[in-house]
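Swiss-Prot annotations:
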- Gly85, Gln86, Thr87, Gly88, Ser89, Gly90, Lys91, Thr92: ATP binding site (BINDING)
- 377-429: region 'Disordered' (REGION)
- 405-429: compositional bias 'Low complexity' (COMPBIAS)
- 450-962: coiled coil (COILED)
- 573-585: compositional bias 'Polar residues' (COMPBIAS)
- 573-600: region 'Disordered' (REGION)
- 611-630: region 'Disordered' (REGION)
- 614-630: compositional bias 'Polar residues' (COMPBIAS)
- 638-665: region 'Disordered' (REGION)
- 643-665: compositional bias 'Low complexity' (COMPBIAS)
- 973-1016: region 'Disordered' (REGION)
- 985-1006: compositional bias 'Low complexity' (COMPBIAS)
- 1007-1016: compositional bias 'Polar residues' (COMPBIAS)
- 1032-1114: region 'Disordered' (REGION)
- 1044-1078: compositional bias 'Low complexity' (COMPBIAS)
- 1086-1109: compositional bias 'Low complexity' (COMPBIAS)
- 1127-1193: region 'Disordered' (REGION)
- 1132-1149: compositional bias 'Low complexity' (COMPBIAS)
- 1150-1165: compositional bias 'Polar residues' (COMPBIAS)
- 1174-1193: compositional bias 'Polar residues' (COMPBIAS)
Amino acid sequence: MSSIRVVCRFRPQNKLELAQGGDSIVSIAPENDSVTINGSESNHSFSFDYVFPSNTTQRDVYDHAAKPVIEDIMAGYNGTLFVYGQTGSGKTFSMTGINDPNGDQELRGIVPRMIETVFEFISNADENIEFIVKASYIEIYMERIRDLLDTRKDNLKVREEKGKGVWVEGTSEVYIYREEDILDVINTGISNRAIAETRMNAESSRSHSIFILTIQQKNLKVGSIKTGKLYLVDLAGSEKISKTGAQGTTLDEAKMINKSLSSLGNVINALTDGKSTHIPYRDSKLTRVLQESLGGNSRTTLIINCSPSSYNEAETISTLRFGSRAKNIKNKAKINQERSAAELKILLSKAENEIENLKGYIKELETVSGVTVSNLKSSGSGSGSGSGSSSSSSGSSGGSGSGGSSNLSNSVNSTSNLNTSSNTSSSNVNANANVITTSVSAPTSPKDTELIKVLQEKCIQLEKQLFKKEEEKKEILEQLEQQQEQIQDKDQEIEGLNSMIESSNNINSLYQNSTNENSVLNVQLSELKLALEKSRFEATEQSLTIEGLNEENQSIKSQLEILKDRIAQSGDSSIASLVPSTPKSSAEMDPLATASKHADEWNEKAEQLKLLQRTPSKAVGSSKSNTATSSPIISLNISESDNIGSGATTTTNNNNATITPATSSNNNVEQQQQQVEELLPSVNEQLLESENQKLQKRIQEIELEFETYKIAKENLTMQKDLEIEQLLESQRISSSFVVDPRNLDDELPAEMMLQAEQIRKLIAENSEQKVHFEATKNENSKLKNRIEMIEEETRQRMEEELNVLREQTNQKLSEFGSLKESLIRDLENRCQKVIDLELVLDELQDRIVTLNERLKRVNKPGGGDQEAAFVQSKLDEITAVKHQLVIENNKHKTEVERLKKLLSHRGEHILILEKTMAINQESLFKLALNHNALTIEHDRAKNELEKLNNLLSQVGVDAQNTGGARVARVIRGGGGNNQLKKFNHSSSSSTSSSSALNHSSINNNHTTPTPLSANLYSNTKRSTKELNTGVKAEPLSLSGSPFNTSIPSSPNHTSSNNINNNSNNNNNNNNNNNIGNSGNIGGVGNNNSSISNSNNNSSSNLNANLNGNTPVKITSENSSSSLWNIFKKKSPSSTPPSSTNNLSPQSPQTPSHLSADGSGNISPNLSPPIPVNFSYTPAVVTSSTINKDQQKD
């Protein structure tokens, strides 16, 4: 039992307190163990383990408050370090301080100094001890536990087991190999922590943060494991709303902070009050997580931070009272140790030897007590019964003692017999006690009484020792049972993981099938879309042709009306009704005669349109009788020109006076008839339209008739119903007047029976017709709705596609327009050049004319020969220039023609490109649809895989990438004389470790030489392998593993390390693991390392070629002295425990001109030992590897 250690720290007054007129009200005793608050009303005194004044340095706080806790952690205890106080009292400063590499190192807080202490202890530890350091960082925000290393985990659960205690499930654990790893984890957590600004603090913590550091120590010689957990708790400060000015979310946070702190106070009150039977740990997540730290298995130190100012007098007194109450809490701390099987056997053998010794000693005591009793009996002061009882008891005790020794000998082979042996041994002690009590009952001398007392005390001591040994045996058995239960739990977890993997495989197969089906459906959909687009295009073309034909019909109608008016006006209105008929008929016959050549075509069109129903003779008679009113279209089918000619001659003989106007009108009619022939096809189409309209009207009439028929039918059915009702009523009335029911059948007429049957038939038919009518009505409504939906969908798709096509066509037209403008501009420039050359040519021709005139004047008599020669030379020059210009002009003309041809060719090429672009856009549209479907499926599969990964991460298989390592690797102790081994300590460049083994590359400028001890491998056998050469070990990267990430390198060296683990041979006799390492070891040359392991001969060879020329072969062996593997479940790929590996290091033959630092000597800098377990075969996570990792944890 140990009390919580409480220390108090006061900070200096800040600007706000000085501005409010605050004064220091703190008085600290010279011994620094008590403090007095000079309050406004009364003074308050408090006693603590240590009180730090305002001028205390960070180092003093760490040495007095935190360093003892760290030492307890390294001894195997659980430790907790609380920081409690008002908001703005300096809690975070005490914990973290100011971590500035270039700043004052004295301002560093507890955490960075704690890191130094941990790694100093590791470096000073024995070389046979391996360390595994893990870190996690959580916060309690608004009563929700969040993982600060993985912000996606925002609502973690608290679990509890009897053997394991209380822990938070699902936290991210990062394996630590150096100081920078812990700092990276802390910085990541601090950056993700919830903070806000208040009046009292610019960066006020809005949550309780808990940093958990787990240190596991394994003694390779003995095989024991000690585990210590350190909880660094930075509590959020209690707040007073009037001082902080919290509003909104900040106010809600303050409420939850004060609530959790009040729950913590209630727990402390319940622990310090001896009358409380219940401790309210479950009232808050904070007290639930820190249950072991408050009254449990932990050594706890509480640092209370206070303000010395009178401005915060109430808060300071409340904080001090909290600390004084917490000082009374008692914890039950014990070393968390797991003994190996060898240790348990050694303890068991020791206990058995001590029991044997105690039994022999008991026998001696029994003999001594028997002699004493017999002497007393012979002297006459005792009774015979007493001696007899003592002798009998001694005999019985001797027999029981022999039985106990036999049971103990059997317990070596079977631990189940421990209870029987303990029971027999306890019976021996009871027998001895009975002997002594019997001997005491007899009257003895003073010497005898003293001897008896001494014997009684020795027996009591022996009995206590025996009980202790029995308790230790029980504890050992309990530990064995717990380990077996843990192994079973791990097996169950592995089975669950296997089932999850099978389900994921099934999901992947379903996903493949669905993708194949989707591809087939997409192809079919694309074909249907192409057919739909083709039909739409044809429909639009047909609609355009119909619109054009309608316009042509309208124009033909107007022209026909004009022709009719002209024909009507061509005759003379003053001539009698018979006289003018002759010229008109003759005027019509002439064009009909010309049109007789096409009689066959006209007859076919007339038959199609059903315009002419008369024979040719009837047409002639009608033309003779009614020529004034007949239309030119009706007379087109008259093909007998002879009758027409005769009719025309008769009319001319009777009316000679009207020949001249008739001939003139005849010419006009011929011209009009030609126009009619040209417009005849359009007229035929118009007549077809009129016939269609008639048909539509006929259809409408039929529909109206159908509606009237329907209404009449309904009326008829209603009348029939009324008649039926009347008949029934009449039957009822007639049945009421019947007096004698026996004569009813005789009196009922046969007609009434027939009417009843007819009524029943009519009712049945009516019901059937109604049902049929309703069914047809429903089907029609459904079809209409479906047609409307299809039309709406097609319309929307048409609009969307038209918009896309419009945009594309506009874009192409704009591009074509720009290209066309550029070509036209070029052509215009060339044309302008041609025009300019023609102008120059004209000017030269004018000059030649003037020169010729001058030449003529010169050739006249009296002209000078010199002037003629000069003019002749100028004329020659001009003709040469003209000839050159003509040649250039011809060239330009040919160039213009060529450019025109090129322009036309480019236009054709642009059209072809536009067509191909339209086709490509259609294909791209289809691909986009397919891509969208595939992306949706990919996202769904990705989400399922993320869920599986999250489940795997919960059992420790796939830890999140939080700046630390994902694979556990041990750190070997430095041997007691060496300094801290550093993997990467560079002031010029700091790189975060995110490789597969979370081990960054080594910078030669800042490495500490750490030679290993000479007897590292002497007289010991280990399960780890270490590269004990004058080079620096490079990190290993598991290629093909889910834990593989990129390895950042230092500025001076670039290393790429790959571990290719090939385990394709499942033969149990020979299972080889090849690890090829190709990287730059020591920063010089290309280095290749190969490690091979075979289960056939159980040997491991490490061949490292340094600088391309230096082979180093190092082999190691699995531990045969450590019996930790007894508790492991053997995997098929693991090495048998009986196998041994020979260590045969070869001396490296390194040339003097090659070195790691370029100076000709290999640097003696060494990395910490690299534990590589060669018993695993696959590089990926399998069930066997998961089982082994979980057993180690």
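Counting begins at 1 with the first residue displayed.
The backbone N, Cα and C atoms fix where each Cβ goes, glycine too.
Just so you know, the Cβ of Ser89 (ATP binding site) picks up 27 other Cβ atoms within 10 Å once every protein chain is counted. Cβ neighbours within 10 Å of Gly85 (ATP binding site), excluding its own Cβ and spanning all shown chains: 29. In the three-state DSSP classification, Lys91 (ATP binding site) falls within a helix. Note on the binding-site residues Gly88, Gly90: the fewest other CB atoms within 10 A surround the CB of Gly90. In sequence order, Gly237, Ser238, Glu239, Asn305, Cys306, Ser307, Asn312, Glu315, Thr316, Thr319 are the residues near Gln86 (ATP binding site), counting only same-chain partners six or more apart with C-beta under 8 A. Counting every protein chain shown, 23 other Cβ atoms lie within 10 Å of the Cβ of Thr92 (ATP binding site).
Cβ-based neighbour count (10 Å, all protein chains) for Thr87 (ATP binding site) stands at 24.
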